[in-house]
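According to TrEMBL, the features are:
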type    : residues : note
DOMAIN  : 4-123    : domain 'Response regulatory'
MOD_RES : Asp58    : 4-aspartylphosphate
DOMAIN  : 148-369  : domain 'Histidine kinase'
DOMAIN  : 407-522  : domain 'Response regulatory'
MOD_RES : Asp455   : 4-aspartylphosphate
COILED  : 511-538  : coiled coil
DOMAIN  : 554-652  : domain 'HTH araC/xylS-type'
Amino acid sequence: MKTKILLVDDEDDLEVLFKQIFRRQIQANQYEFMYARDGQEALAVIEQFPDIDVVLSDIHMPVMDGLTLLAKLSETNPIIRTVMVTAYGDMSNIRTAMNRGAFDFVTKPVDFKDLEVTIEKTIRYVNQLRETAELKAVDEMKTRFFANITHELRTPLSLIISPVDKLLETTDLPVSYQQQLSTVRRNARQLLRLINQLLDINKLEAQQMDLVTEVGDLPGFVAQIVDLFRPSTDIKQLNLAFTTDMPPGNYLFDAGKWEKILYNLLSNAIKFTETGGITIRLSQTPTAARLAVADTGIGIPPDKLPHIFNRFYQVDNSRIRTYEGTGIGLALVHELTLRLGGTITVQSYLNEPTGLQGTHFVLEIPVQRVNNYKEAQPVVTPTTSMDLLLPAKATVAESQSVDTTPLILVVEDNAELREFMIAELATTFRVRSAANGYEGWVLAKEELPDIIISDLMMPRMDGYALIEQLKADPATDHIAIILLTASLEQDSRLKGLSYGADEYLTKPFHVGELRLRLRNLLNRQQKLREQYRQQLAQPEPSTPLEAVQDQFLRRLYSLVEQRLDDSSLSVEWLADQLAMSRKTLYTKVNSLIQLSPNELIRQYRLRKAIDLLRAGHNASETAYMVGFESPSYFTKVFREFYQQTPTDYLKT
Ligand code: ATP
Ligand code: MG
């Protein structure tokens, strides 16, 4: 390969001299010389020929001297190396040049044999630099390619999951279809989780993942996640124990990251353990929470232990591995822990004379106790979706039970943002989507989602109009709404909230924040549901049913009350009165109070029975007054519900 050498000197005859001396190399096309008379000219030449490898530069020159040229070059060109050609004994300038990054120096009068050796040495070094730079560029390209591919996979995947979710909700779907569709869904979700993990790890490495701090009951949160794994440990007949001495109460912590850490540690522990069990212990140090996850599984050999936090590392990397996986889990756990300012250590025991067996992870993650909240904040509900954790065999049971995973409707006209949200949410929730307010409204009426995330500016029907429609319809007025606004304008925010949006997020938003808001809304809904159920179930005169906060329930109760003694009161009649379909009534009642309409009627009757018994009616009178066909049936149902017969109840 030809080496390009730039000679920078204000002596004219030097050019001729070089041509003579290096005639052989020039003819053999080994060297190509270029010339400049001062630093300024040199920079211009280099700009034109950026592939110059070596600069031979004088120090004292008019316009721009060699030292200035050197300083400029080291700023602009990371590859070119400069050899100073200077007067013998000019030690202080030589020192300055070397400090400014000159590669070497030769002194005048030039010893050309020595110069040739120096040039060759410089070329070797420059070639090394070029190679490293190329490798780095290739590496960067690979990383970018990888990130792009991963990103691109999310859209088609979310477009598989979303319709499958919908198909699975078809009533009367043959069981064999249900099973196969569940398999599709489980695997697609798993793939999506994997992809999201890969993206997470890229983000963490590029230091682009933000911290999200939530307030909540940390020990309760960990306990909930551990419980999600119980079906998996049950199937493998493993013990699963969680202990903590951390006082319950409010802590500041990043729930999303804790969840990912726990998910990976626990799924590993279960995957690599065949007998015995898994213990999780959460304790407190003065500044941190200490989380220990220990299993009695196959263990990790000491020489493999240092590598397990590396990306894609797996102890068993044979093609016919016994255990599934890609080796990303622990790398993510490691990065997340560091991001949270924590530490992680691991110890593993196998073939110990003591008989000790298994792997122990210990993490210390800073968390803060908060005392200045008056009431304890509800436990943040983990968002990990259950069916990811179950082995394939459990599909039948899974598909037969009603899917209680929250349903989110995304209404957004920007296709890219819409798919992004679906991909983010589909690992955790059931997701539907619509491309404008009108479609959103139609879907919302059909499916009654738990939460709608809606854009503001959309064709056909904008966000405000959508909210207005939803709030005007008793079937949909309970649905929580998160508004996405592009503008920071106080105006649109206030307007949205005044129309009845529950939350708003400003674009571009942070996925962690979106998840947090979803979780908070779902928590609030769950708390309300429980409150309404309690109110209906518990015969406390202090909480009369007529005073129930929710308008729809109030109306429903008063309808039942109208025909309390009528045993033929039916769900159809209720639906008719409320001008909604049976299916809508069912979903609405279920989402408000987690009961079926029939169950609600029955509980209402039982609750009223208590009032009547208290007012002095005997059991059989009461039975007829609250619409039971026979006193004996009334007694049976009453006892099932209150664990006492009506007569016993009166006595206490
Ligand atoms: P993935 O988490 O991506 O599904 P994986 O579980 O194989 O795949 P990691 O969670 O990163 O990957 O774990 C890396 C390797 O460390 C595993 O393949 C396994 O060999 C070993 N390992 C991790 N946890 C345990 C454990 N609790 N017991 C024994 N070996 C473990
Ligand atoms: Mg793993």
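Note that Cβ sites are derived from N, Cα and C of the backbone, with glycine treated the same way.
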Which bits of the chain, at least 6 residues beyond where the coiled coil (511-538) starts or stops, bring a Cβ under 8 A of a Cβ in it?
210, 212, 214, 255-256, 378, 380-381, 383, 406, 408, 421, 424-425, 428-429, 450-451, 453, 480, 482, 502-503, 505, 545, 548, 550, 553, 591-595, 600, 603-604, 607, 641
Three-state secondary structure of Asp455 (4-aspartylphosphate) from DSSP?
strand
Alpha-carbon spacing, Asp455 (4-aspartylphosphate) to Asp58 (4-aspartylphosphate), which is rounded to whole Å:
65
Can you count helix, strand and coil residues in the domain 'Response regulatory' (407-522) using DSSP?
54 helix, 25 strand, 37 coil
Tell me the Cβ neighbour count for Asp455 (4-aspartylphosphate), meaning other Cβ atoms within 10 Å of its Cβ, over all protein chains shown.
24
Cβ-Cβ distance under 8 Å to Asp58 (4-aspartylphosphate), same chain, at least six residues away:
Val8, Asp9, Asp10, Glu11, Gly66, Met84, Val85, Thr86
